[in-house]
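Once you've had a glance at the structure underneath, I'll fire off some questions.
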Amino acid sequence: MRGRVCQYLLSNLRPVLFHILRFLWLRRDILRIMDCGTVDTKESVMHVSSPENCDIDILENGRTVKDVIDNKIKELGSMDNEEPFYVANLDSVYKRHLRWLTNLPRVKPFYAVKCNNTAAVLRLMSALDTGFDCASKGEIQMALSFGATPDKIIYAHTTKPLSHIKYACAHGVDMMTFDSEDELLKVSRCHAKAKLVLRIAVDDSKSLLKLSSKFGARLVSVGKLLERAGELGLDVIGVSFHVGSGCTGGSTFKQAIADARHVFDIANLLGFQMRLLDIGGGFSAIGDFQEKFEEFSEVINGALDEFFPPNSGVQIIAEPGRYYVESAFTLAANVIAKRVDMDEHSDGEENSPGRMMMYYLNEGVFGSLSCIVFDPAHSNYEPYLHRVVESSERRYRSVIWGPTCDSSDKVIDNYWIPELRVGDWLLLDNMGAYSVSATSDFNSFERAHIYPVVSAETWHSLNLSHTFNNR
C-alpha cells in the first residue's frame, strides 16, 4: 500500500517539481541579467563569477587593460561578432577615490548614480563606503540593492513624482532636496518626517554645463521657503548647490559656500537645526581639468574652514559622478559599413578635394555616444584606430556615422584619418561619464556590453571577493 502511494505521488508530483526547479533555474538567470545587464556565456581568461553577480576579470601576471581589449576584439572577430563593448577599469575608480580622500578629507562623496549605473561600479562604490546621490525611485532601488543603507542616500532631485517620494519614505530614505513651495507641499503630504535640504541657485557662468537655470532657489526667496517649511512642520537640515559641470573658476565654489552660509544663518534664526552642506558635483580630472581638481580642492577647503569650520558640527558631502568614472571606461566600436562619397565638383580621382570617406559604426549618438551631443565635456572626443597606423599612411577627409537610420546620428564630421576597412575597430577613451546610463534602444541596436576588470592587488586589498560574490 505504502509503495503504491509513493508511486502515485511521484507520478503526479514530478511535473510540478519539474516546473518549480525550472522556475528557480530561470530566476537565477533573471537575477544575473538584472545585476549585470547581460549574461556572458563565454569564459574569459580568468574571472570570478557567481550565478547572481557580474563576472569580473582579475588582471594578474602582467596582464593589462590593453590586453583585455586586444583579446576581446580577437575573440569577437573569430565569431564574426561586431558587438560594441566597454572595458571598465575599476582600478581607475579606486585611484580617484584615494585622490578625493587626500584632497577633500572633510567632504564625504555621495556617488551620483545617474552618471554611470553599471553594477560593477555601484558595487565598488558600496565597498568604498561612499554615499549615493539618487535622482529617482529606480536609482534608490539600485543603491539599496548594492548595499547602501538608507542613511547613505540623498534623494537629490528638486522635482520628484509623488510615487517616488512615497517609495523613499517606505524605504527609510529621508534626505531629499527641494527648491519650491510646491515641492514642500508634496513632501508634507507623502513624507512628513523627511530631512530636507534646500537647493540654492549659484553662479555657474564659468561652467560648461549650467544647471541653475533649471534648479535651485534664488537667495531672495529662501526666507519665504524656510518659513513655509516651518509652517508645514517639516525639518530642513541643510543646503545644497551645484556650480555646474566643467567649472573653470575656483572662486565659484568659494562664493557658493559663502551663499550657503548666508542661508544657514537665516534658517538658524527661524529655529531649524542646520547640520548638512552638500557642495554638489561637476568635478573632473581629465584634459584641461587634470590639475584643476587639486586647485579647486584648495579653494573649497579654505572656504569650508572659513564658513563651516570643523567645530561647527556641519557634515559636508558632495555628489561626484564624472570625477570617479570618466577615465575608467574605454569604448570599442566596429566599422560595419563604408562608402566613398563624391560631391558635384569632384573629378573622381583619389586625391580629389571633393572625395569624402563615409564610415558607419555599430555605436552612435542614440547609444553610448549620446554624450557627444548632450555633454559639453565630450564635444572634442576623437576615436582612434585599434590597429597600428603607419605615419606614412595617407589621411582622408571622413565622416563617421552611427548605425541608426536617423541622419542626425553623426559621430564626427570632417575627420582626417587613414582609410578604414569594414571590420576595423575604433577606440574611445574616457567614456565612463553619461554614456552607459544615457543609452537608448532606438532601432533596437544592441547595447554595448561591459567587461569590468580589476588588478589582483586592488581585488585583494579591498576584499572585493566579498563585495562581488556574496551580495
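Glycine too: its Cβ is placed from the backbone N, Cα and C atoms.
Sharing the feature lines straight out of TrEMBL:
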type     : residues : note
ACT_SITE : CYS405   : active site, proton donor
DOMAIN   : 90-325   : domain 'Orn/DAP/Arg decarboxylase 2 N-terminal'
MOD_RES  : LYS114   : N6-(pyridoxal phosphate)lysine
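I'd like to know what surrounds each of these features in this structure.
The number of other Cβ atoms within 10 Å of the Cβ belonging to CYS405 (active site, proton donor), over all protein chains shown, comes to 8.
Reduced to three states, the DSSP call for LYS114 (N6-(pyridoxal phosphate)lysine) is helix.
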When you measure from the Cβ of LYS114 (N6-(pyridoxal phosphate)lysine), which residues in the chain that are at least 6 apart have a Cβ under 8 Å away?
ASP133, ALA135, GLU139, GLY321, TYR434, SER437
